[in-house]
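Visitor: One structure coming up, written as structure tokens, with questions to follow.
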């Protein structure tokens, strides 16, 4: 069974991307650089290839983090931090110029939008792993993934209802990534231990502040992001969706229902970690973030496809396919509570199965949708020339 019906094909042919970026950093600093940088690519270079190259930078960064900090709680060599920063900067640059290349070559398409944002969704997990090694976050790495994934999903959800992707004056793809790669470069100078020690020791000027002075520096960053970035962003997303739904006499309950799969996914993984006898997130942070990141990529991709195909607003039931593995994982972890701490199946293999399941789900979705869109529009994914009629 395909993902796109006859109505979806007709909507794809009419779709036009709409996006607004209010960032001053992008407007006055990065955009002029990107406008020059895109010219290094030949006109035969397909935009999706540039997107894929940018994605590979993040994949390389995540692999470096795994090699030199398997549990994300030990300091890697300082050159690794510099590599993380450089690779993230290159990812941001390639992610910004793929759309410019599409306009240069007159090859813009709904597939490009889906491919771009789909890679960005997976990139949340990959960059979280890289940052986890830089800041020695350990099990907190999962929470850093949450605070990157939730605003991303909120922006995608808002885009689905408003038909315009609006980036505020301070936003994640611009200022957020810039802060992160500057953090990587900074860590290459001071060392990863700077993030793992108490706030008062890392910044002696504020050692007099009660409670905070004993908190780990990386957790200060985590809580600051939650209160000053994630919560305000979600409030704006929800407000904008409410305005659109109210103006169309729609149901806000149906709109909020689209958030159910992500909330359930995060809650399910946290409950699994709580029940597990081996402390999943601490011992296997890469696998937990990778498996959950792939499930998240499927959720984002499915919502973007619903937007491109002008599907009715509301929960897409097949989004819940990303949750199918969790009942088995939870049941297996629960058997350990009933069997003296020994689960029915070793938790490592259950976690590995989770990653294989979500990878298979995402791969099937991605390959199927790419095939259906290229067939419907008569285009190629990695070639600029159109298919012969």
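In case you wondered, yes, glycine gets a Cβ from its N, Cα and C as well.
Summarising the annotation, Swiss-Prot assigns transmembrane segment to 49-69, 141-161, 176-196, 220-240, 252-272, 286-306, 321-338, 350-370.
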Visitor: Could you tell me what the rest of the chain brings near the transmembrane segment (49-69), counting residues at least six beyond its ends with Cβ under 8 Å?
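Guide: Same-chain residues near the transmembrane segment (49-69) but 6 or more away: 41, 75-77, 80, 83-84, 87-88, 90-95, 97-98, 101, 112, 115-116, 119, 122-123, 125-127, 129-130, 132-134, 136, 286, 382.
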Visitor: Could you tell me what the rest of the chain brings near the transmembrane segment (252-272), counting residues at least six beyond its ends with Cβ under 8 Å?
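Guide: Residues 142, 146, 149-150, 153, 157, 160-161, 241-242, 245-246, 280, 288, 292, 295-296, 299, 303, 313-316, 319-320, 322-323, 326, 329-330, 333 contact the transmembrane segment (252-272) from elsewhere in the chain.
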Visitor: What residues elsewhere in the chain lie close to the transmembrane segment (141-161), defined as a C-beta under 8 angstroms and at least 6 residues from its ends?
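Guide: Long-range Cβ neighbours of the transmembrane segment (141-161): 72, 117, 120-121, 124-125, 127-129, 131-132, 167, 172, 222, 225-226, 229-230, 233-234, 237-238, 240-241, 244-245, 255, 258-259, 262, 266, 269, 273, 281, 285, 288-289, 292-293, 296, 299-300, 303-304, 306-307, 313.
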Visitor: Tell me whether the transmembrane segment (286-306) sits in contact with the transmembrane segment (350-370), defined here as at least 3 Cβ pairs under 8 Å among residues 6 or more apart in sequence.
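Guide: Answer yes, regions in contact.
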Visitor: Would you kindly list the residues that approach the transmembrane segment (350-370) from elsewhere in its chain, counting only those six or more residues past its ends and only Cβ-Cβ distances under 8 Å?
Guide: 2-4, 111, 114-115, 118, 122, 280, 284, 287-288, 290-292, 294-295, 297-298, 301-302, 305, 321-322, 324-325, 328-329, 332-333, 343, 381
